[in-house]
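S.K.: Here it is, the structure, as structure tokens.
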Amino acid sequence: MGVGAALALGQPGDDRNVDVMIGQDAVLQCRFDPTLARRENVSFVWSHKNIQEWDTVAIQGSIFRERYRTGAGELTSQPPERPPVQAAGIVWSADLVWSPGQDDPCRLPAQRGHLRPAYPRGHLLPPTTVSFDCKVRRAGSGNDLHTEHVSLTVLLPPEPPTIATSGEPLEEGTPAELECSSVGGSPSPEIRWYRRGSSSPLPADLQPAEDRSQPTVSRLTLQPHRKDDQQWLECVVWNRAMAEGERLTTETQLDVNYFPRISVGSDNPLQVESGHSIDLQCSVDAKPAVRSVRWIRNNAVVGNDYVLPISEVTVADAGSYTCSAENDVGEKKQELQLDVLYAPYADDIFWLREDDPSFRQDGYTLRLSRVSAEDNGRYMCVAINRIQSADMPEPEERVGNATTSILIRHAPGQAIIEPEEPIGVEGRSLTLTCDADPPGHPTPRYRWWREDEPEIPLSSGA
């Protein structure tokens, strides 16, 4: 199968590239417009670029190097990728066939119109990119009417890629460089990095090889993160010597040490009712594992474990608590806000007495000085709050109250018999009532007797 280089007409200095695979055929063509000169009045010159200079290999039909062969013919069509120079006409073509000898490490059969490189194992490989020039000259004058430049690339597949790693874990926050390399290949291969499962390449720096004995290297700079730990990276290699869809791949799994990740409490802020007990929780995800966990409040260490218990919470326990965790990568902290819930403070509190409308005493505490039996009674504590929600044009009062009884311990007062002057009827019962004012507390006991017989009780009881 022929691989040709169809070169445009009348474009001095216009370079063309030709690719050829090992075992395939290639033809280098120099095309020129016959309107420039008659065919018999021109000659063509093929030159080959050596390491330092150009070497003439053929002039017209004269061959100066045994490895080359030329041919000429007529072409009646223009290259499809270039616009025609003329609306119609004949285009002359001068073909070059490169045929090295059998002892050359690049052995090419001498077949008309074909260039076939072959590289036996064990030989030093020749350059894979060779430059040729074709010049069309007016016979006898040496004037160049047209020049074509052809660059021939012998396509060679690269070696499978390898990824160089230090073997040590990467560290979060410290840039890391990964290298993927592939030796050989012509042209130098493309090397791309991907995350496994992604079709978007990662940005990397590609350093092509200086020659085929050196590797082409792609350097990927990472900013390691916790999410990268245990993830896979793929290195993919390709060049034009490989079939469409063919790729060489290798992969590596990332091992990343990362800062502690801390979560505190089931909620933050954490709310607890006054008088209840609570455990402050500190959960830590870190690699490697943390060496220590501390709870800090007001710049003082108040705990050295993942759990900080607080018994019978009071308002004084409310505030900020900080969990600090440290591993070999570094230290991280997370703050937890503890809110203590308690009954609202009243705007007004005062005491009233049920049987005394004039009695009122302000404050949380009822104080009675030099108490006596007259202080006995039921007292009411009244609390008032003023609130205003979004739907209230003015503040409103909310009132609550509670009642308690106060009983003063005291001796009973003077006994009283009622009725004072009782009158009895023979044959009927008579009831006399004994009372005291004040009645006394606790409840006193009563005893009846006849005035003339005090030693003989008639009855007793409470």
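FYI, residue positions are counted from 1 along the chain as it appears here.
Positions of Cβ are set from backbone N, Cα and C atoms, glycine also.
This is the feature table in TrEMBL:
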- 157-217: region 'Disordered' (REGION)
- 161-249: domain 'Ig-like' (DOMAIN)
- 260-339: domain 'Ig-like' (DOMAIN)
- 349-400: domain 'Ig-like' (DOMAIN)
- 412-462: domain 'Ig-like' (DOMAIN)
S.K.: Counting by DSSP secondary structure, give me helix, strand and coil numbers for the domain 'Ig-like' (412-462).
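M.R.: For that range the per-state counts are 0 helix, 25 strand, 26 coil.
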S.K.: Would you report the average pLDDT that the model assigns to the domain 'Ig-like' (349-400)?
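M.R.: The answer is 89, the mean pLDDT of the model over that range.
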S.K.: Across the region 'Disordered' (157-217), what are the DSSP residue counts per state (helix, strand, coil)?
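M.R.: Going by DSSP assignments, the region 'Disordered' (157-217) contains 0 helix, 27 strand, 34 coil.
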